[in-house]
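Under the heading transmembrane segment, TrEMBL lists A:29-50, A:56-76, A:106-129, A:136-159, A:193-211, A:242-259, A:279-309, A:316-337.
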Amino acid sequence: MSDATKPADRRAATPLAALMPDAAKIHRLSAVLTLLLLVAGFSLASQAFFSVNNGLTILLQTSVIGLLGIGMTMVIITGGIDLSVGSVLALSGVGTAMAIKAGLPVAPAMALGVLIGAGCGAVNGLVVTRMKIPPFVATLGMMLMARGLALQLTGAAPISQLGEAFGRLGNGALFRMVEMQSNGFPKVIFPGIPYPAILLLLVAMGAAYMLRRRRIGRHIYATGSNEEAARLSGVRVDQTKLYAYVMSGALAGLAGNVLMSRLVTAQPSEGVMYELDAIAAAVIGGASLSGGVGTVSGTMIGAFIIGILRNGLNMAGVSAFIQQIVIGAVVIGAVWIDQMRNRR
Amino acid sequence: MSQPPLVEMIGIEKHFGGVRAVDHVSLDLFPGEVVGVLGHNGAGKSCLMRILAGAMIPNAGEIRVNGSPVSFADPNDAREAGIETIYQTLALADHLDAPSNLFLGRELKTRLGNLDDARMLAESRKVLARLNPNFKNLQDPVSSLSGGQRQVIAIARAIYFDTRVLIMDEPTAALGPSETAMVANLIRQLQSEGIGILLVSHDMHDVFDLCDRVVVMNKGRLVGAHRIDEVTKDDVLSLIVKGELPADWTARNLEAAQ
């Protein structure tokens, strides 16, 4: 390019170029700041909030939203949405429980539960890519169908008495230290890191690696950024979307197993509206509903903001109704920030 | 010309419902040749180019590359046959940076199968520097780049790989005069390397400057295919607008010889 265009190029490139990465960083920073403010605020409001035990409880509570949020992030980056995760979570948990009741050992039964989730995700993906039905409608249909199936299979009754082994995933902890006291009663020195939290960390690292370092991850971003361009560049757009929906379904299945294991009961009515928490976590974490933008680390921050908000409001004795109002406002605020960012 | 054409399109048809977007069109392209593809908006030239690029599947007709029949199910097939396309829309993923766009669909990988971002960045730097020495902000998302820089990425993507046929769909529509000159130079250089180029353009000046032949489409049909010295700009305009040559037309180069 000759000299004549140089100034024009530079002028067009520099101000925006300086803004773009910063905008993403500012968003991340503001999310972290919000998180810290919440922790500080709730610590002042309630003595019990800022303790090791409550911290671990938050970890445990957040792990389910976190797992759903990671899958949701992948789907949102492709420019889609998955409204079915809450119902798929219930169906998978019910599937696992029924397999255990049928005599299957716990591990293969849980694998089956995850597979059921992946299967639901595959149906979502195929309906979106083959039948060309908008993701909102396709996954809304799956939300109703999976919930209906879970209720039908169980007769709307919870499946209980699943045995101690089933409860280990949700209730067990690593590095749990218990000391026998002289009076014969055990004393818990450190309650341990809950298995669900460890599982969440592993899944988050795996998903981040997949999105950043693997080809399929690059294609997920490209598909959401400009689907037609991705297709013309040789990205197999349909397969990429299918992959994202299957991952979302499988992670919903995994989250279902964690949740049901924690309750040691399979509840077919569990997980109602969880999809909204997952979407909120992704959006608070910086994922854009118009596609092409989003990170696993951001979604983790978003999940913890929601988890801490729920936990902290509970500890402060705020009623469940007020909690809904607060979280609704937070979600609108987060999407508003996203809109502001896109307008720039 | 004794060697076989790089590409032959024979009797290509594409209809949407009752509309014949491309109506029995045949076209060939030889190595080192620049063929201008002209026509109104909606004349079917973009459709024809998309079919050759593998982005659209024709209802009938045959495509031959180096004499052997091929069928393109998606853009990857066409790219594997050495056919690259620069789209008018540029087909860039806005949120990704220049190297990611350049290698989109053909990412370089390490031995473990991870994306080799360092190598992709280095290679991009090389090929982009050849087109625009001032291109430094490679790791910004392409949405923040200028129109000229975006165009350069789209061009770089098409010539980096082992290209034998290049389809350029209005490559200069978004460019200023000096950038247009850069593209013209590039076309001549690629031509001398034996690459066949199909140049879709509305700019009559460019076409007469760069092309060896022109083909004109009108309402989906091919209404004229001429060596550039056989026709004047007015003749080509008449083909584009009316779909036929002026009534008193004879080949201009013969006329001049008389």
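Even glycines carry a Cβ here, placed using N, Cα and C.
Within the same chain, residues 27, 30, 42, 45-46, 49, 276-277, 279-280, 283-284, 289, 302, 305-306, 309-310 sit at least 6 positions outside the transmembrane segment (A:316-337) and bring their C-beta atoms closer than 8 Å to a C-beta of that stretch. Packing against the transmembrane segment (A:193-211) from elsewhere in the chain are residues 56, 59-60, 62-64, 66-67, 70, 73-74, 77, 168-175, 217, 220-221, 247, 251, 254, 258, 262, 295-297, 300: each is 6 or more residues past its ends and has a CB under 8 Å from a CB in it. Take the transmembrane segment (A:56-76) and the stretches A:29-50, A:106-129, A:242-259, A:279-309: counting Cβ pairs under 8 Å, A:279-309 has the most. Sequence-distant contacts of the transmembrane segment (A:279-309) (same chain, six or more residues past either end, CB-CB distance under 8 Å): 24, 27-28, 31-32, 34-35, 38-39, 42, 58, 61-62, 65-66, 68-70, 72-73, 76-81, 204, 207-208, 211, 221, 223-226, 323, 326-327, 330-331, 334-335, 338, 341-342.
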